[in-house]
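As recorded in TrEMBL:
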| type | residues | note |
| --- | --- | --- |
| SIGNAL | 1-24 | signal peptide |
| TRANSMEM | 226-249 | transmembrane segment |
| TRANSMEM | 291-319 | transmembrane segment |
| TRANSMEM | 325-349 | transmembrane segment |
| TRANSMEM | 361-386 | transmembrane segment |
| TRANSMEM | 392-414 | transmembrane segment |
| TRANSMEM | 452-471 | transmembrane segment |
| TRANSMEM | 483-509 | transmembrane segment |
| TRANSMEM | 521-541 | transmembrane segment |
| TRANSMEM | 553-581 | transmembrane segment |
Amino acid sequence: MGRFGAVVFIALLVLVCGSVRVRSDGSDHRYKDGESVPLYANKVGPFHNPSETYRYFDLPFCVPDHVKEKKEALGEVLNGDRLVSAPYKLDFLQEKDSVSVCEKKLSKEEVAKFRAAVDKDYYFQMYYDDLPIWGFIGKVDKEGKEPSDFKYYLYKHIHFDIFYNKDRVIEINVRTDPNALVDLTEDKEVDVEFLYTVKWKETTTPFENRMDKYSQSSSLPHHLEIHWFSIINSCVTVLLLTGFLATILMRVLKNDFVKYAHDEESAEDQEETGWKYIHGDVFRYPKHKSLFAACLGSGTQLFTLTVFIFILALVGVFYPYNRGALFTALVVIYALTSGIAGYVATSFYCQLEGSNWVRNLLLTGCLFCGPLFLTFCFLNTVAIAYTATAALPFGTIVVIVLIWTLVTSPLLVLGGIAGKNSKAEFQAPVRTTKYPREIPSLPWYRGTIPQMAMAGFLPFSAIYIELYYIFASVWGHRIYTIYSILFIVFIILLIVTAFITVALTYFQLAAEDHEWWWRSFLCGGSTGLFIYAYCLYYYYARSDMSGFMQTSFFFGYMACVCYGFFLMLGAIGFRAALLFVRHIYRSIKCE
């Protein structure tokens with residue numbers, strides 16, 4: 001299995017690294033004087049709604065004679081990128097001053113379209129020699145107090161400042177001329193001439209460092225200070241709590257071991273209490289064991305996926321504006337790791353003496369993909385209704401379905417067969433009695449929901465500061481590049497989840513409640529529910545998102561992400577609790 005795993009991992013790295021480095025026109029980025037440099041218009045959309053983007057020429061800009069669509073990789077399409085040739089010609093080292101792109105008479109409908117776009121703070125995005133550029137398409141003059149007094153202007157003159165080093169483009173900046181405006185306030189036809197100016201300047205920045213300016217924005221000293229402060233804060237909290245829990249557990253367990261050893265010596269018939277006396281029930285298999293094994297398999301697969309994504313991030317594959325790299329990596333790695341889900345689920349199901357392993361395998365395959373697919377179908381329909389670029393073309397959907405049928409499903413089945421044939425036995429250090437012992441009535445705070453609330457709060461408190469930066473990057477226009485800090489936060493999250501689940505499992509067993517299997521999984525995964533609650537807070541308090549499409553995209557896809565977290569952390573919590581329970585029952589002599 002080790003050699004096979006290594007081969008799969010190398011193939012996966014080659015596949016992902018190969019598929020994510022997107023080039024415009026496959027050029028080597030070297031140009032001669034006067035040579036054409038590729039400039040692609042990507043998309044336009046409201047600044048505060050990052051998922052709601054439209055094709056550049058959905059707005060009535062000047063359309064070039066031959067609109068050429070760029071072929072795109074899978075990740076770019078998933079990212080909502082639709083690159084087409086832009087109407088501007090920025091040939092290498094050729095300066096231009098107020099050159100006309102086209103003259104146009106805007107109809108009333110086109111004026112209304114532009115005005116609505118300016119009102120919603122529409123921005124445009126382009127790529128010049130693979131460097132991203134943005135600008136706003138217009139501005140609103142809010143001199144009057146009433147919205148009816150607002151004036152709407154369209155920028156008609158764009159300035160491109162391009163920096164070059166020998167035969168390569170290093171940097172490009174775009175500014176709009178604040179004096180060259182077209183008034184769109186009234187519903188009437190307007191004559192407009194779109195202009196552009198190009199200035200070239202020499203720089204000494206080497207080509208290899210041209211992407212640095214995009215990644216530096218998230219590594220500015222004050223941002224880094226906040227990140228490190230949050231990490232140190234989390235670490236201290238975690239160390240204190242972990243130390244506190246460890247001390248209590250060690251002391252309590254030590255006392256328990258001494259007491260139980262003493263009880264063994266004094267053979268008086270006394271009332272049995274505590275975790276030792278449910279030893280005959282503690283390894284009784286859980287209810288709905290097929291679903292339990294499927295949750296464990298899916299959670300383990302998602303954990304492996306997260307680790308691989310972190311490896312790629314730390315190696316530097318996801319540099320800023322590497323269009324769609326993350327989406328490509330997620331799809332490819334998820335497909336290739338499905339064998340892990342099949343193996344873990346089926347082998348654990350067979351350990352629990354389950355008989356219908358085929359149904360278990362089907363359940364494992366659909367547990368995460370099913371809700372994700374349903375969410376995708378609904379959101380894609382919304383995007384199609386909005387004619388947004390987030391709507392996937394038919395060809396891309398076919399590719400994803402093919403990946404699922406030709407890679408994911410076969411690997412899942414192979415993993416399942418390997419798991420069934422592993423013939424591993426469930427190692428219970430004590431025998432299970434024939435009849436289950438009755439669980440004593442417990443106070444309300446010992447119930448599943450209060451325990452989940454306790455278990456989820458602690459890990460969430462360790463990550464919530466970092467969550468803001470991730471949300472601002474995924475659902476905003478910030479750039480997130482400090483993956484090393486994120487990795488440390490992830491490790492902290494795992495440690496806290498494991499520890500709190502172990503502590504709550506101990507208290508549950510001490511209260512003679514032996515149904516700890518599902519409880520440990522639910523307590524571990526409850527952080528996912530806290531993250532979803534944070535989504536509500538972020539949407540209403542920290543973002544300016546609006547409109548049905550953006551709202552449904554935000555809450556729909558975040559529900560899938562939080563569900564993934566629930567499964568992954570649940571699997572971690574259960575594994576930690578299982579190790580702990582095996583350990584303490586192995587340490588005492590039980591009849």
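Going from the start of the chain as shown, residues are counted 1 onward.
Backbone N, Cα and C atoms are what each Cβ position is placed from, and that goes for glycine too.
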Cβ-based contact of the transmembrane segment (452-471) with the transmembrane segment (226-249), 3 or more pairs under 8 Å
yes
In the same chain, which residue numbers or ranges, 6 or more beyond the ends of the transmembrane segment (361-386), come under 8 angstroms Cβ to Cβ?
52, 290-291, 293-295, 297-298, 301-302, 338, 341-342, 345-346, 392, 397, 404, 408-409, 412-413, 416, 548-549, 552-553, 556-557, 559-560, 563-564, 567
What stretch, picked from 226-249, 521-541, 553-581, has the most CB pairs under 8 A with the transmembrane segment (291-319)?
553-581
Long-range Cβ neighbours of the transmembrane segment (521-541) (under 8 Å; 6 or more residues past either end):
292, 295-296, 299, 448, 451-457, 459-460, 463-464, 467-468, 471, 475, 493, 497-498, 500-501, 504-505, 551, 554-555, 558-559, 561-574, 576-577
Apart from its near flanks, which chain residues at least 6 from the ends of the transmembrane segment (483-509) lie with a Cβ under 8 angstroms of it?
227-228, 231, 234-235, 238, 241-242, 245-246, 248-249, 252-253, 275, 278, 282, 306, 310, 313-314, 318, 446, 451, 454-455, 458-459, 462-463, 466, 470, 516, 519-520, 523-524, 527, 569, 572-577, 580-581, 584
